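Record features (TrEMBL):
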- 1-25: signal peptide (SIGNAL)
- 64-128: domain 'Cadherin' (DOMAIN)
- 129-237: domain 'Cadherin' (DOMAIN)
- 238-342: domain 'Cadherin' (DOMAIN)
- 351-447: domain 'Cadherin' (DOMAIN)
- 448-554: domain 'Cadherin' (DOMAIN)
- 580-677: domain 'Cadherin' (DOMAIN)
- 692-715: transmembrane segment (TRANSMEM)
């Protein structure tokens with residue numbers, strides 16, 4: 001109950017101290033008594049860091065330490081004891097004892113230093129190295145003579161290790177305390193009256209050592225005094241305190257210091273031997289004393305980092321059993337025998353490429369167990385990377401981004417952390433860091449060409465490939481996965497083509513007709529799979545190539561088929577005729593065949609050729625003009641009615657053609673040509689020709705009738 005009360009009494013002020021007085025930014029201190037049970041509360045760590053319970057899952061609060069004495073709750077953020085804490089085992093005889101560790105939080109990455117002071121409780125009783133102390137005292141020793149006794153040792157510190165001594169009551173002896181320069185109390189046995197060996201040859205006393213703790217603890221040792229009759233001088237050291245300095249790592253057996261004690265007695269009573277007093281076992285493991293010479297030598301490796309100073313007592317005993325004590329203080333000199341130790345506490349990998357400059361990507365702890373210049377460390381980064389190192393506190397470093405990252409230029413960065421101390425010769429350590437850069441959708445797809453041109457022959461099959469567009473995205477994963485679709489185009493172009501989303505292949509949706517659409521343009525959009533998505537657009541211009549799929553069409557002379565002819569027995573006239581005077585010379589223009597071709601290029605280039613005529617030698621047709629001319633002068637022997645058939649051809653492959661039929665009447669005038677036309681109609685010319693000539697005759701008669709009526713009216717008017 002007292003221990004729990006003491007723990008509460010110590011813990012409450014410590015917590016108040018933490019809440020009110022932090023020593024420095026990013027450093028938190030707690031104080032707890034040793035021997036707290038597992039699960040005992042140390043302090044509200046998350047609250048002291050300024051974190052609310054709702055933030056804990058995202059911040060991922062965790063500890064980083066060489067040995068896990070403590071644990072943190074993921075729900076409340078409180079710091080608890082996870083292992084038994086024994087101050088004497090952890091810190092030995094050091095006046096102060098603390099455990100330091102780092103607390104890491106994520107999102108953003110940061111490190112905090114926590115120091116927990118372990119306060120001593122009185123859990124160790126004073127102890128003596130021997131169960132009994134043996135003293136040889138000459139019976140002729142005068143009253144007031146003092147005989148040093150062994151000092152007890154208490155592993156606790158502070159007031160818990162302050163010892164007082166008590167001696168059982170005896171009329172011949174009392175207890176005196178001699179305080180040394182270091183504050184230690186040396187118990188001494190004081191002779192109060194003369195001894196008579198014949199009356200009493202020995203004494204049994206009990207020496208009790210009591211510490212200053214609450215509750216107090218004590219230890220006892222028996223003091224056995226043997227009364228002798230010769231040895232009247234105790235050994236005397238030349239110094240009460242011997243000081244020495246020795247380098248760490250000296251070979252075993254190296255001389256540290258030589259103590260010397262003299263005894264005025266002769267013979268065996270004056271022969272002095274040396275030994276350790278009440279010293280810890282650790283001292284006996286590192287040092288040994290030559291019993292005859294008093295030389296103190298090393299027995300094991302000395303390590304400055306484990307302990308830099310030793311203080312213990314040596315005892316000189318003569319042959320008669322009288323003893324004397326001295327103190328030896330040994331300072332260990334540091335050597336640069338420890339290279340810096342680099343501990344990677346946390347690495348935020350991968351880090352997004354859009355992380356701003358100064359983003360913490362790694363936390364390091366660098367420690368050199370040496371002291372002074374040997375323990376002073378400077379760090380640097382080796383390697384080409386946009387990273388820099390910033391010292392956050394003593395021994396802690398942050399690796400931060402020095403500039404913007406670009407995953408497309410470098411998907412990972414490898415650097416080496418180099419830590420060197422300032423000792424001579426300098427020692428160094430290296431640690432490798434690999435930082436992966438995660439992709440951010442910061443690149444839009446880029447087409448290989450800004451504009452594509454495709455040429456497709458008309459009459460293609462539906463579904464035929466037209467062109468393949470390709471866009472590349474420098475990003476990775478879904479951010480670099482590109483899909484395609486149509487994003488518009490010229491009027492009416494959308495129904496003509498489609499684009500495959502994955503490959504970018506553009507296909508024809510229908511058969512193209514050059515005569516209807518000679519070219520069109522569509523816009524193809526490429527979009528990546530990022531969030532938000534990025535896109536770009538390219539223009540695809542499709543040119544339809546002509547094929548010779550249209551035959552020439554004759555505009556004049558018109559076809560002989562008369563669309564208005566109907567009824568049986570109706571006379572018809574020729575669809576097209578020309579009257580050529582018999583006086584026409586060679587080269588006389590008879591008519592011109594007019595034809596067009598809906599195709600283009602060579603497919604629309606037309607040529608004309610005479611294929612049939614009543615008098616083949618009488619007419620000729622212009623190859624490119626289509627003009628029908630007389631090849632010679634018309635003679636009286638030539639028939640009055642001539643029929644000329646011309647063919648019109650294009651230049652396509654294969655060539656297509658059409659024919660034109662022209663009827664020619666050789667006569668000086670239209671009136672002269674009418675009988676020939678009537679005879680032709682009576683002779684069973686084609687219905688179309690007969691119908692034409694009949695209509696022409698009716699028109700002439702009607703004109704003559706109207707002319708006669710007009711003349712008669714004019715004559716009457718004139719007479720009137």
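Sequential numbering from 1, following the chain as shown.
Quick reminder: no glycine exception, Cβ is built from N, Cα and C everywhere.
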Per Cβ pairs under 8 Å, the stretch of 238-342, 351-447, 448-554, 580-677 packing most closely against the domain 'Cadherin' (64-128): 351-447
DSSP-assigned states of the domain 'Cadherin' (238-342) in counts, ordered helix, strand, coil: 10 helix, 48 strand, 47 coil
Residue counts (helix, strand, coil, in that order) that DSSP gives for the domain 'Cadherin' (448-554): 7 helix, 51 strand, 49 coil
Tally of DSSP helical, extended and coil residues in the domain 'Cadherin' (64-128): 5 helix, 26 strand, 34 coil
